[in-house]
Amino acid sequence: MGPPTLTEWRRHPKRVDLQGIRGIAILYVLLMHLRPQTFRLGFIGVDMFFVLSGFLMTKILREKEFTTCSVWNFYVRRFRRIVPLYLLIVVATYIYGYFYLIYPDRKQLLEDLRWVCTFSSNMQPLFQKLGYWDQLSEYRFFVHTWSLGVELQYYLLVPLLIGSTMNCGKRSRLVIFILLMITSMMFQLLTIPAVSYGFLFSRVWQFMCGSIVYEFSEPRSRLENGKSYKPLSSQNDESQEIEQNDSAYNMESTSNVAFATMFFFSLTALVIISPAQVTDHLARISSTFIAAIIIYLDTGAFCITNKPVVYCGDISYVLYLVHWPVIVATRYYCDTQQLSYLAVMLAVSLSLFISIAAHHSVESFFISNGVLPAFICVIGCYIYLCGTARAYAIEPSLNSGLSNSSKEYAIAVNILESKKVYYQQPCKADSDTPLYTNYNEEPPLRCVAEGNGTANILLIGNSIAYRAYTLIHDILAGRYRTFRLYSRSSCPPLSNWCPSFTKATRKVVQHEKPDILINIHHSLHKPIVAPIENFKTDPVFNQFQSNVDFFSNYSKHIVIDMPYYKFPNMIIGAVLAKRMEQGLPPGDDLVVTWEQYMNQTRYHRQRISSIVCNKCIIHDVAKDLFHDGVFYTYDPKTLLARLGDGSHLTPTGLELLRSSYTEILELLLTVLPN
């Protein structure tokens, strides 16, 4: 397949090179979304889209008489081409989510939908404090719609911008556009990523680059050799171009083709290599200006006018809408963040199939017909989404007669445990310790129960202690005068990581003078798990020892748990529920080896085991969790999760510790005065 001849290229109803640029841009984006770590700089495809849109919107508005009617037609055509197809893809993804996503992921999709349906996805990270790359690593089906939000918001402004400069001279327009471009670029460079990435004004400079290109190329496009033209209608207004008269043009210079080809290969190399030395800002600025230059050169270079690339440009809008939901759905089914090569081929094939089919049917229908079908479609989509949203993400319940041994029961329990934070404890709110500690942070993690015995028992720690309270309360069975929980999330009281909480804990121990003091915590804070050079000078160990010495002065017996295992970046309950829903096995990645545990906790364990304390019992929970050198984070028989969110033991997991807790507590209750 050779390059188009000059006659073919000039007589094409659209500027073929612009469609080729579109095709190249969508391929860059596709590469980045399939392999974000390998093709990190593929995001420049979106930057190229913005430049292209700026050029074409300026061209469309400038080359017609600027009237209220022409602006109205501009908006109608934008609406007809963009919105119906956009919402149909959203509805299709929404329906897929109802049938194939588990509750937490379905709920997330519903939350994202509010932003998607108002075309404001580009603002979502600003309010939810999420970075674009953070969202790529989650099962977020609408992350890619941020750029469409930016573009649609720009469409609302561009007629005002072009209209207000219509009567200015070319030089004045250029000055205005360049000043606006520089201001917007500086705004993007100087603001935080949450703002600079998707906020409209931080992207205006790229649209302005396209407008500036049009201003420089206007004489060439409006009047060449005394021959004028008027624009033609086409199925894609962004692709409207001129039916050109061959006799009005001379053969383009070989140098322009060479430059366009060189710039194309430079961008492609940038994406494929994605060197770490090239920052996001540098890549974005470079690609924006290079795209502008290629548009200005207006060449028939084969690399951007060959039929496959041009066809990719023709289907680029549908492909952009479709590819990311398909990729996320594939990742979701395969239960992985990094797709295998086979899965990549599947995702690409499915994306192309849907895009081609939708382009030649749905997209063509809305472009070719009037605004009424598009309007009816949009209204229908909104009615459907609003009418079904309430029932879309109903939280799973255990009060539905499910058998405790059923798969559905295990899925429901695992989902509930995966998102458990606070829940009803068998104790009443702690209203007395704030009076003498002046500490009031996170009150749900502190409570007190009264029993029929004589022992005063105090459980301190972080959220790990909070989870263990129910089990210990059940073991004690009321054999205490008071059983108090005093804990705070992420605050191990043996260390000074949370100074105010440690200080308050000391006051509580001093005030309560417990017969039995139990400390349960786990932490991956770097100082706590860092290697130990010398115990005498190790700051964390000295904090441990100092606090235990203080507690020993006011406690008769002290129990200190060894650390648990924490799964980094994995919510066990949700992962297990999803695999069960899909009929997949739990997976070896949910089984922890002793080596993994020791690699995570070795120095933490050494610090605890080295504490000098005559009143202390060191409770090695790992002996109960690990059997034959492995810890199953789920019950192999019932498939109920033992770790709910990756950090905290569920009731199923805590049952593994019942025997050792019972042994220790029975021993201590026996030696205490009756």
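Cβ atoms are placed via backbone N, Cα and C, with glycine included.
In TrEMBL this protein carries:
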| type | residues | note |
| --- | --- | --- |
| DOMAIN | 17-358 | domain 'Acyltransferase 3' |
| DOMAIN | 445-660 | domain 'SGNH' |
| TRANSMEM | 41-61 | transmembrane segment |
| TRANSMEM | 82-103 | transmembrane segment |
| TRANSMEM | 141-162 | transmembrane segment |
| TRANSMEM | 174-200 | transmembrane segment |
| TRANSMEM | 257-276 | transmembrane segment |
| TRANSMEM | 288-309 | transmembrane segment |
| TRANSMEM | 315-334 | transmembrane segment |
| TRANSMEM | 341-359 | transmembrane segment |
| TRANSMEM | 365-385 | transmembrane segment |
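Within the same chain, residues 18, 21-22, 24-33, 70-71, 74, 147, 150-151, 154-155, 158-159, 162-163, 203, 206-211, 213-215, 221, 231, 237-240, 267, 270-271, 274, 278, 280, 283-284, 286-288, 291-292, 295 sit at least 6 positions outside the transmembrane segment (41-61) and bring their C-beta atoms closer than 8 Å to a C-beta of that stretch. The stretches the transmembrane segment (174-200) and the transmembrane segment (257-276) are not in mutual contact, being linked by fewer than three Cβ pairs under 8 Å (pairs 6 or more apart in sequence). Long-range contacts of the transmembrane segment (82-103) within the same chain, counting only residues at least 6 positions beyond its ends with a Cβ under 8 Å from a Cβ of the stretch, are 109, 113, 116-117, 139, 141-142, 145, 148, 152, 317-318, 321-322, 325, 329, 332-333, 358, 362-363, 366, 373-374, 377-378, 381-382, 384-385, 392-396, 411, 415, 574, 577-578, 581. The stretch in closest packing with the transmembrane segment (315-334), judged by the count of Cβ pairs under 8 Å and taken from 141-162, 288-309, 365-385, is 141-162.
Long-range contacts of the transmembrane segment (288-309) within its own chain (CB-CB distance under 8 A, at least 6 residues past either end) are made by residues 1-4, 6, 9, 15-18, 20-21, 23-25, 47-48, 50-52, 55, 205-206, 209-210, 212-213, 216-217, 220, 252, 256-257, 259-261, 263-267. When Cβ-Cβ distances below 8 Å are used as the criterion, the transmembrane segment (141-162) is approached by residues 29, 33, 46, 49-50, 53, 57-58, 61-62, 66, 71, 74-75, 78, 82, 86, 90, 93, 97, 109, 112-113, 115-116, 119-125, 132, 135, 197-198, 200, 203-204, 207, 211, 320-321, 323-325, 328-329 of the same chain, each at least six residues removed from its ends. In the predicted model, the domain 'Acyltransferase 3' (17-358) shows an average pLDDT of 86.
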